[in-house]
Every structure is written in C-alpha cells, then in structure tokens.
Amino acid sequence: MLDLFTIFTKGGIVLWCFRSTNQLFTPSVNALIKSVILQERSGVYDHDGLSLQYKLDNEFELVFVVAFQKILQLSYIDKFLSDVHLEFRDRYKNDLRVDNRNYGGDFEFESEFRRILERAEKWGRQQATMPKQMRSYEDSAKSKKTVASMIERKGEEKPPAGAGSGSKKSVKIAEKKKAGELADSDGMEAPSSPRSNGPELGEDLIMESRKKFAEKMMGKGGSGGKSSKLEKQKSPKSPQQAKSGKQMRVWDLGGNTKDIPNLDRSKDRPEDVKSDFTPNDQIIGSMRGGIRDLDVESDSEEDEEDEDEEEYEEQSGNKKQQSSRGGMFSMFKGLVGSKNLTLEDMQPALEKLRDHLIGKNVASDIAQKLCDSVAGKLEGKVIGTFDTIATTVKNTLTEALVQILSPKRRVDILRDCLEAKRVGRPFVMSFCGVNGVGKSTNLAKICFWLIENNLSVLIAACDTFRAGAVEQLRTHMRHLNALHPPEKHGGRNMVQLYEKGYGKDAAGIAMEAIRYANDSKVDVVLIDTAGRMQDNEPLMRALAKLIKVNEPDLVLFVGEALVGNEAVDQLVKFNQALADYSSSDRPHIIDGIVLTKFDTIDDKVGAAISMTYITGQPIVFVGTGQTYTDLKALNAKAVVHALMK
C-alpha cells in the first residue's frame with residue numbers, strides 16, 4: 001500500500017528508507033521539503049500523483065516522510081507515522097543524542113517497520129468496519145456552556161400579567177379569549193368575568209373590543225348582513241366607484257426618448273475629447289522607482305516583549321494572579337520549563353492562539369493549520385527557563401508568519417517589463433477577481449506607476465458586461481494622459497485604451513489589443529476583465545479561455561482585505577477553474593495577488609495570511625486608498641506585527 005517511507009535528518013542525511021516500487025521519488029520529496037517543510041505548513045501534500053505526509057522530531061532533528069498513491073484513502077497514516085516515530089527514536093535514541101551522535105552506524109529497522117505497518121493496516125480495517133460512533137456529550141457545544149449561563153435569575157423572570165408593562169399583553173389575551181367565546185355563542189355576548197386586579201383603562205379597552213367584535217359578527221352572520229350583501233351585489237356600480245388603473249409616476253428630470261442621444265456616453269463627443277484635465281502633481285504625488293512598503297507602526301515588538309517579561313517577573317510569586325496586559329501569550333508562561341514540550345502542554349495555548357488568529361480575520365482552516373505547524377515545530381523542544389517561554393513561542397509564530405508572507409520567487413515587474421521591451425514585445429498583465437473588489441481602480445494605479453517609470457501602457461477593456469466599465473477606463477486614461485502629456489514624452493501617448501464596446505468576446509478583444517500593442521511598440525498591456533463569482537461556471541470558462549488564448553506574462557488575482565473564509569474559497573476555485581478549463585497540460589494559474597481596501601481593516605490583516613497560504617503566491621500590490629499613489633508593496637513584518645497585536 002505504501003510506496004515510500006524514509007527517515008532523514010534536517011541536514012539531509014538519509015538514515016533509513018523503504019521503497020516498494022522502482023519509481024523515482026526524489027522530485028516528490030524535494031518538492032515536499034521546498035513547498036511544505038521549509039514553509040512550515042502541515043497536512044497532506046500532493047505531487048505527481050503521490051500524496052506525501054511528514055512528521056518532525058525536534059529533539060533529535062529528524063524528519064519522517066511517507067508517500068502513497070493519491071487515489072488511495074488510507075485512514076491509518078497519522079497513527080502509523082506516530083508509531084514509527086516513537087519506535088525509531090526509542091530504539092536508536094543513544095545514537096541520535098547530540099553528545100553521542102553517530103549517523104555512520106547501520107539502522108536495522110526493516111522488521112520493526114513491517115510489524116508496525118501490519119498492525120496499522122489491521123487497525124485501519126477495523127476502523128472501516130466499525131459503525132460510526134455518536135459524539136459524546138463532552139465533545140458537543142452544549143457541554144462548553146457554563147453553569148452560570150443556564151441559571152435563571154430572579155431579576156430575569158417575566159413580570160406578572162397584571163402589573164406594569166404586562167397589562168397590555170393581558171388585554172390582548174383576554175380579547176382573544178372573549179372573541180372565541182363570542183364565536184361559540186353565535187354572536188351572543190358572553191358574560192365577562194370580573195377582574196379585580198386590572199386597571200380601569202384595561203376594562204374599557206376590553207369592553208370596546210367586545211363591542212366592535214360583536215358588531216362585526218352580527219354583520220357577517222345575521223340576516224341583515226346577508227340582505228345587505230345581496231343589495232350590494234344587485235346595486236350597479238356608480239361611475240365614481242369604478243376602479244381606475246394605476247397611473248405612472250412622473251419623475252422630476254426623468255427625461256424621455258429624446259434625451260437618449262445626449263445621455264449616451266459610450267462614444268466620445270468632440271467636447272469630451274477637448275475637455276481640460278488640469279494635472280496637479282503636488283496633490284497626486286510621484287511614484288518613480290520601486291513601490292514603497294507598508295509603514296510599520298511605531299511601537300516595536302521588542303518593547304512589548306520586555307514589558308511582558310517584566311510583568312512576569314513581578315508576578316512570579318503569585319501564579320494565579322492574571323497579567324495586567326492580558327495578552328494572547330500570557331498563558332504560555334504557565335508552561336513548565338526544563339522539560340520537553342508536549343502537545344498536551346501546549347493545547348490550551350494553541351486554542352487561544354487559534355481564536356486570536358480567527359479574530360484577526362484569518363480563515364478558520366488556515367488558523368488551525370498554523371497552530372498545527374507551531375505545535376509541530378515546538379513539540380519535543382526543551383525550554384530552559386520560565387522567562388523565555390513566551391518569547392520562544394512568539395518568535396516561533398512570528399517566524400512562521402513571516403515565512404508564509406515572504407515571496408518564494410523574485411517579483412520585480414519593472415525589470416520584467418524592461419526585459420520584454422528589450423526583446424521587442426509588450427509585457428502583458430491580466431487582472432481577475434470577483435465583483436466589486438476594485439480591479440479597474442487598482443489597474444489605473446498600476447498604470448500610473450508604470451508611466452511614472454517611462455513605460456507606455458495600453459489598457460484592454462475586456463469587461464464587456466458591466467455598464468460603465470469602458471467609460472470608467474476612458475476617464476482614467478484621460479486623467480493619466482493629463483498627468484503625463486505627450487509633450488513630456490516626445491509626442492508619445494503614454495496611456496491608450498483599446499475597446500470594442502459591450503457584448504463582445506473578451507478573449508478576442510485581448511488578442512487584438514496585444515497585437516495592436518506589438519505593432520505600435522507599446523511597452524505594457526493591462527487586461528481588465530469582468531468581475532465574476534467563483535461558482536459561475538460559464539464565466540470561469542470564459543476567463544480560462546482568455547488566459548489560455550493570450551498567455552499573459554502575469555495573472556493577478558484582485559481580492560479584498562475585508563474577507564475571511566471567503567478568500568480561501570475564491571482563490572481555490574479560481575485556481576481550480578483555470579486548471580480545469582484550460583485544456584492544457586501545464587495550465588497558467590494565478591501568479592500573484594493584489595490586496596485592495598487595506599486601509600479599511602485596521603489591524604484585521606488575516607486575509608493576507610489566508611490568500612498567501614492557500615496559493616503559495618506572493619502579494620504583489622496592496623491598495624491603501626483612492627488616489628493613484630495609494631499603492632504599496634507588502635511589508636511582511638508590518639503585517640505580522642499588526643496580526644500579533
């Protein structure tokens with residue numbers, strides 16, 4: 001069932017290996033190390049038809065890796081990894097210690113491995129045949145409720161029916177009750193029961209309601225009611241009683257069909273072309289060179305750590321007294337030092353850590369994986385003193401988050417654009433995302449940054465669905481050309497718009513725009529696409545067709561910083577759709593992320609973690625406002641600092 005099981009050190013020395021086939025597993029294991037272990041991720045990793053899982057031993061610095069066919073569903077892998085890990089380290093712990101480390105010896109582990117494998121497979125078969133057990137009461141959400149929340153206090157009881165605000169409610173009940181009695185007595189008024197405690201106002205309301213109800217019942221059930229109904233049927237309707245049709249409302253400044261030519265803005269008019277857009281460099285600013293990073297907040301992490309340590313030293317005599325700061329890392333100080341950390345010791349702290357990340361807008365699944373990664377990295381390590389526990393855990397989590405947000409490859413768009421210009425072709429960037437996230441606005445910001453660096457841009461208006469999309473890009477083009485008029489660039493228009501109106505094929509428009517840019521020697525092509533939900537299959541097929549046909553150099557996903565769990569769903573389904581509908585062996589999926597509306601989230605920056613973790617792609621741009629210069633590069637330390645506050 002298993003294709004590979006290998007045990008190697010963190011330095012790369014293979015201690016023992018089991019292979020059931022002649023397949024070459026080196027690329028898969030190297031991909032696991034590069035994409036999962038070094039990035040401190042957890043879970044199952046799929047590569048080239050194989051599923052790989054790993055387990056770390058931090059005390060002896062070992063890595064246990066198992067690989068099996070992706071199509072297999074093996075329920076015993078986690079238990080099997082743990083059993084092999086414990087058996088191997090207990091058997092060879094003397095050879096693996098730091099003071100007596102000897103990797104040159106022969107690790108005979110074949111018989112023990114097969115015995116553990118047979119036992120794990122037997123356990124897996126038993127688990128498959130056993131009926132699914134019901135969840136115990138301790139595992140349910142109801143058991144988490146405190147006793148205090150289920151106690152009904154005296155002040156929370158409902159007031160009596162006849163006192164205070166309950167008098168109105170008692171009137172309604174009595175009214176319904178008497179109405180039922182009147183209906184049973186065929187319109188005859190029933191004697192009312194005396195109410196000694198009710199106020200006089202309530203009695204008056206009851207009597208008045210009885211009278212109205214009795215008149216209504218007499219009108220429906222009596223003979224007079226029938227005769228009046230017949231008279232109404234026989235009497236012809238007067239002209240005044242004839243029902244007139246609904247009249248249309250006339251709106252002020254509503255306009256009519258004669259105003260359509262004046263209101264049509266799909267084509268330029270002579271007065272629009274001659275409009276004077278006065279540039280103001282002092283208000284807008286400049287973006288020459290590379291994009292600036294996000295600003296780091298003034299208070300540093302070191303100051304917070306020093307304050308935490310001072311508070312702990314002051315309160316070390318009383319363990320039950322809570323820290324005045326009440327930070328998320330205060331409970332780590334309760335861990336016992338001078339021993340190997342276990343998962344049971346860290347479990348309460350990890351749960352608090354997970355809740356903190358979710359509160360910062362990190363997706364719940366990603367928060368759980370981050371906690372598992374921190375637990376795996378700390379499990380088995382020895383913490384020497386109490387004072388270093390909080391600092392060690394905080395540094396571990398900070399390193400993991402910075403590692404996730406740091407780009408895994410070089411991201412230098414200016415250099416790539418200049419290289420494409422040297423070759424004699426345009427550099428093509430395509431923008432995609434759901435509706436309303438700011439694709440066109442951030443495309444204009446990136447366009448301004450490019451023309452500030454003396455690169456001509458052609459905007460391809462491939463959003464042929466949303467009303468006003470082409471006009472929005474045309475307005476941006478005029479403003480940008482006013483900021484950089486042709487006189488400053490040797491008579492060359494820095495920004496051009498390629499548009500074919502609405503209702504056309506977006507892939508065809510993008511292809512024509514790239515061809516036009518190549519003939520006109522334009523440096524960069526920015527393709528604006530229509531917003532679409534990740535579950536809309538026809539629109540996702542159209543996007544995959546646009547990318548497959550035109551093969552852009554960079555595909556950027558534009559996402560909001562406001563979303564939490566939705567960010568994971570959007571990115572996963574966009575990537576999956578681009579892979580499934582491209583009909584190519586090597587589909588072009590998302591290359592980078594543009595994170596918008598970052599100025600609206602305060603310190604809830606978890607969407608950046610969720611998006612980067614799920615795709616492994618870098619956040620290239622961050623939108624921080626409404627003007628052209630409100631475009632920043634992601635500063636991993638600034639984001640982690642805000643996340644850890």
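Glycine is no exception: its Cβ is also placed from the backbone N, Cα and C atoms.
TrEMBL does not curate its annotations; it predicts them automatically.
Features of the protein shown, as given by TrEMBL:
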type	residues	note
COMPBIAS	172-181	compositional bias 'Basic and acidic residues'
COMPBIAS	207-218	compositional bias 'Basic and acidic residues'
COMPBIAS	236-247	compositional bias 'Low complexity'
COMPBIAS	261-275	compositional bias 'Basic and acidic residues'
COMPBIAS	296-314	compositional bias 'Acidic residues'
DOMAIN	618-631	domain 'SRP54-type proteins GTP-binding'
REGION	125-326	region 'Disordered'
Close approaches to the domain 'SRP54-type proteins GTP-binding' (618-631) from elsewhere in its chain (Cβ under 8 angstroms; 6 or more beyond its ends): 284-287, 291, 294, 405, 407-409, 411, 413, 438, 441-442, 444-446, 448-449, 480, 483, 556, 592-599, 608, 611-612
Integer mean pLDDT for the domain 'SRP54-type proteins GTP-binding' (618-631): 90
Three-state composition of the domain 'SRP54-type proteins GTP-binding' (618-631), taking helix and strand from DSSP: 0 helix, 6 strand, 8 coil
